[in-house]
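Written out below as structure tokens is the structure these notes cover.
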Ligand code: CAA
């Protein structure tokens, strides 16, 4: 049975910060971000937008009423969860009006969580071919004002509908994983922002890739030459490019895959890191911006979650996949409201003020299709 991605949608918050402005405010050469990280803008979410609202919005952009009746599993991969116990998937299930007899869960392993979700979805469809699984990768990446990771922040969600006989990508069964117990990026329960050993994390990203790819080649007999493009986890685009260069032994292959790589980072460059969703945003960017792909092309994926777990897997493009995509995504991204560095510091780092009973005080109203309306007795109440 062919199983894979039938639909893919993306949601981003309304505000954007130009990294040239951030560079000026931090007294850094703007080329450090633009050339050194290959990053030009980052998406800024207000306090009323979180992984639930962005995830719901991404899913709503692709689902029909028929899909909502067929979905019997909702998986949210995230590392910026809003509750230590209740899964964001439960709230999203409700906001979207998905039929009640469904399993809704949240999966965590840093930026890798949603990739594990995709594998679980595939296994579920293999056993239940008529059902559909909604996999959402939703994150708000915040490192803090003037922190080392500040230019690599971002916010957004990617939603994927996994089905039998998909319209976009058939997932192959060649997955290879690696687990390493390391502290390159982590967030203790009481910390607002992640702790990160920046340089070490970049080394681990690449070392996990090269060693896992060696294992992948041995196990599958495939090599980079077999693929039309490669999508990697993109904490910032330069990291992905370094990863690609680290495993490409052949110059012609590297040149060809680098051309695809630049098409695959167009959205990431103006959104920033969205942790679990970054690899899938890169896939969407590739699909919507490359003229070089055709049905049957094989795409290679490298998912990396600090801590660390990584996975290499692949998929095959389906005939007519272009019909499931959007043409004006970049125009929509260009419509975002540009904020100054002062506004970014206020908007992105605003915190909800609660009274002693856990009720929010003076929370701004947000007219977005999905938004946090209030907190009542420590319960987050959303509108849709
Ligand atoms: N013009 C052009 N390039 C310049 C420049 C200039 N004026 N100034 C600096 N650069 C280049 C540097 O040479 C460097 O490029 P190379 O690595 O290719 O040499 C690049 O800009 C970055 O410079 P630095 O390494 O000096 O930057 P930094 O010390 O400020 O740290 C960082 C960079 C470690 C990535 C930091 O942004 C960080 O901690 N980010 C968060 C962690 C992260 O994203 N890690 C990635 C792997 S972990 C992961 O993937 C999981 C996840 O999502 C977090």
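Along the chain as shown, residues are numbered 1 onward.
Just so you know, glycine gets a Cβ as well, placed from its N, Cα and C.
Note: TrEMBL annotation is automatic and uncurated.
Feature annotations, courtesy of TrEMBL:
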type	residues	note
DOMAIN	3-165	domain 'Hydroxymethylglutaryl-coenzyme A synthase N-terminal'
BINDING	29, 143, 242, 273	(3S)-3-hydroxy-3-methylglutaryl-CoA binding site
ACT_SITE	79	active site, proton donor/acceptor
ACT_SITE	111	active site, acyl-thioester intermediate
BINDING	148	substrate binding site
DOMAIN	178-250	domain 'Hydroxymethylglutaryl-coenzyme A synthase C-terminal'
ACT_SITE	233	active site, proton donor/acceptor
DOMAIN	260-347	domain 'Hydroxymethylglutaryl-coenzyme A synthase C-terminal'
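Here the features listed in TrEMBL are placed on the structure.
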residue : record                                           : Cβ neighbours (10 Å)
29      : (3S)-3-hydroxy-3-methylglutaryl-CoA binding site : 11
79      : active site, proton donor/acceptor               : 27
111     : active site, acyl-thioester intermediate         : 32
143     : (3S)-3-hydroxy-3-methylglutaryl-CoA binding site : 19
148     : substrate binding site                           : 12
233     : active site, proton donor/acceptor               : 29
242     : (3S)-3-hydroxy-3-methylglutaryl-CoA binding site : 14
273     : (3S)-3-hydroxy-3-methylglutaryl-CoA binding site : 30
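In the domain 'Hydroxymethylglutaryl-coenzyme A synthase C-terminal' (260-347), the DSSP tally of helix, strand and coil residues is 42 helix, 21 strand, 25 coil. Across the residues the record lists as binding (3S)-3-hydroxy-3-methylglutaryl-CoA (29, 143, 242, 273), the two Cα atoms farthest apart are 22 Å from each other. Taken through DSSP, the domain 'Hydroxymethylglutaryl-coenzyme A synthase C-terminal' (178-250) splits into 37 helix, 10 strand, 26 coil. Put simply, 79 is the one of the recorded positions 79, 242, 273 whose Cα lies nearest to the Cα of residue 111 (active site, acyl-thioester intermediate). Proximity to ligand 1 (Cβ under 6 Å from any of its atoms) holds for these binding-site residues out of 29, 148, 242, 273: 29, 148, 273.
Per-residue pLDDT, averaged along the domain 'Hydroxymethylglutaryl-coenzyme A synthase C-terminal' (178-250), amounts to 97 for this model.
Taking only the Cα positions, the spacing between residue 233 (active site, proton donor/acceptor) and residue 29 ((3S)-3-hydroxy-3-methylglutaryl-CoA binding site) is 26 angstrom.
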